[in-house]
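Undergrad: The structure that follows is given in the form of structure tokens.
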Amino acid sequence: KVHILVWESQPRVIKFPRRHQRGSSTNGLRRQKRDWVIPPINVPENSRGPFPHMLVRIRSDQDKDVGIRYSITGAGADQPPSGIYNIDPISGNMFVTQPLDREERASFHLRAHAVDMNGNQVENPIDLYIYVIDMNDNRPEFQNQVYNGSVAEGSKPGSSVMQVTATDSDDSTTANGMVRYRILSQSPHSPIPNMFTINSETGDIVTVAAGLDREKVSQYTIIIQATDMEGNLNFGLSNTATALISITDINDNPPELEGKTFSVEVPENKVNLVVTNLSVVDRDQPHSPNWNAVYRIVSGDPTGHFTVHTNPITNEGMLTVVKPVDFEMNRAFMLTVVVSNQAHLASGIQLSRQSTAGVTISVQDENEPPVFPVNPKMIRFEEGVPAGTTLTVFAAQDPDHFVHQIVRYSKLSDPANWLKINRTNGQITTMALLDRESMYVQDNIYEATFLAFDNGSPQASGTGTLQIYLIDVNDNAPVLIPREAQVCERARPNSKINITASDTDADPNVGPFVFELPSFPASVRRNWTISRLSGDYAQLRLRIPYLDSGVYEIPVIVSDSGNPPLSNRSVIRVKVCPCDDTGDCSATGAVAAAGLGTGAIIAILICIIVLLSMVLLFVVWMKRREKERQAKPLLIDPEDDVRDNILKYDEEGGGEEDQDYDLSQLQQPESLDHIINKPAGVRRVDERPVITESQYPARPSLPHPGDIGDFINDGLRAADNDPTAPPYDSLLVFDYEGSGSTAGSVSSLNSTSSGDQDYDYLNDWGPRFKKLADLYGGGDDD
């Protein structure tokens, strides 16, 4: 049994239930009585302490006999959120360690345990239920800080506007969480300060008075207060929100034209021209169906010359000409225009008298171009009418009946240049034959365009088209196709030629055609036969079983069905050739069929042989010329060879050791007279000998690259054997490059005036110095 001891000044004591047993001597069974239910423990939230604060004391009846240890388990003790509750293991005192928040956790379920010192269970665990008592510690919170709602203007009292909702985190079953609503203020106060009311429990806002007018007040701002404690302003907590109520538009204002009458002018023969703009005033919501204007012409325009379009931006009515007006037909129009909205007017609203206006339109006369009554005009004529034939009178009329004007004509388009028009009366005559088969005629119709213009100011002109339907006459003979064909030299069933006749004329001047062979020459009808297959087709075939290969020209006469008929003699070039088993011309047969006889073939072969002979002779001549070129000497006249010549580009002074020498001796002499006229014994030995020079053999202008080695050796031998070749210290003249040089002889360089020097040692230097030894070793004898 559970003992609960309650003291006013002490926490209550909760005991473990006692185990009651009843024995049975027969079977030893024991029955335990049912436990008492432990009442819950109530703990107020937001307690200020001090903490830990003792809640209850838990004890066992057996704590007098054995040592007992107490513990608690569950969420809030040893499970998250852990540490909120604990128990003294010896005394069994249970504590709460911190303030509780019902809005975070409203209840706890713990279990109390009692064990001995060895950890053996002494009592069965007991369930402890702890409930957190709610306190009014939370204000009502609106779901939105600003609410938007709407109601139509002119709504009756009691019309629903919107609903606002506030919630309170406190216990809704107590006054702490019971919220009530009220309206604190309304802005503006027009037409009265209290146009709306709110249901204190549900938060529904409704209208309480009539007189909502969007054109006066388009939006109301209402401050709403929510209070808990059932709306008790002394004890409850409050919060506020804003409700914006928009007054929606209804079509309670008809459109009104700014003027009752309008007067405008319009030129004739103009379309898509805006005559005037009709201004309108509408106080409803701009650019809405209640504001958009719709204009209608209700009278004064039975033929539909005008319409009124709405300008989507300004809402004005644009009176527009959609069908040309004619000054000669109507000089003025009196229109009645009515304006309305796209949406119907609200119930009880009537159109204003200012929604209707009269428009007077005066038509201005313009110079109109001449008009051809029938355009295009069709006439029929046979082709081939002679030049100068009058076809028709193509005259135009001037629509300006009230003004007398003169109309003149000219030709605008005449592709074949067949026609001309009288400038005054519009008479059309021909200038050439009309040919239906011309490329300018389409479907038997020839078109020409003419211009009619008046003498008004400004001048006006109009165009007219004349169509001439050309009736066909039989003026074209038929022709045959193909013009060339081939058949086998031996008559076979499939050895035939299909012939087609064509005629540029039209029916009945075309087929059926008549095909026949002429009687002359007689060989045509003797060797060939022709038969008609249909109206336009015939077959040509051999009449005899065999005909020699060759090319035959077969005349065929074809006649059309005109009245009278026209005939044409056409020649078909037929190639007769021997055929293979399939009926095709063989290669030999193709040559023979091409018209080449034995004589022609022999002539072709002779031409080929002559051409080959010419090519062979040209090759032999080229080979011989090559050999002659190789047999010529490589060396040429020194005057023609530039490789061994001295090219004087500039004059340079001597080196540091040559400053004492007379460099003028290096200049080339202008003539050889001073050498020739010198007496014997005083001529310088280092000057060019005045004797007949050796004639060097000329070499080809374009030497073969492979002969360069031989060329060098030949040049060395010629220089060694040339008696006129100077020694190494003499001026080596290969060619004279013109006169005027100031360079003299180089013999003065490192030379003495003594002639006693011995040059015999030059004989020991080899054959290349033999000439030098002869020049200087001979002394005065040279």
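Every residue, even glycine, has its Cβ placed from backbone N, Cα and C.
Where the annotation comes from TrEMBL, it is an automatic prediction and has not been curated.
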Undergrad: What range among 153-172, 253-272, 493-512 does TrEMBL record as region 'Disordered'?
TA: 153-172
Undergrad: Taking helix as H, G and I and strand as E and B in DSSP, count the residues of the domain 'Cadherin' (479-586) in helix, strand and coil.
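TA: The domain 'Cadherin' (479-586) comes out at 6 helix, 54 strand, 48 coil.
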Undergrad: Counting each residue once, how many in the region 'Disordered' (153-172) are helix, strand and coil under DSSP?
TA: 0 helix, 6 strand, 14 coil
Undergrad: What is the average pLDDT across the domain 'Cadherin' (143-257)?
TA: 92
Undergrad: Take the domain 'Cadherin' (258-372) and count its residues per DSSP category (helix H/G/I, strand E/B, coil), listing them in that order.
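TA: Across the domain 'Cadherin' (258-372), DSSP assigns the residues as follows: 3 helix, 52 strand, 60 coil.
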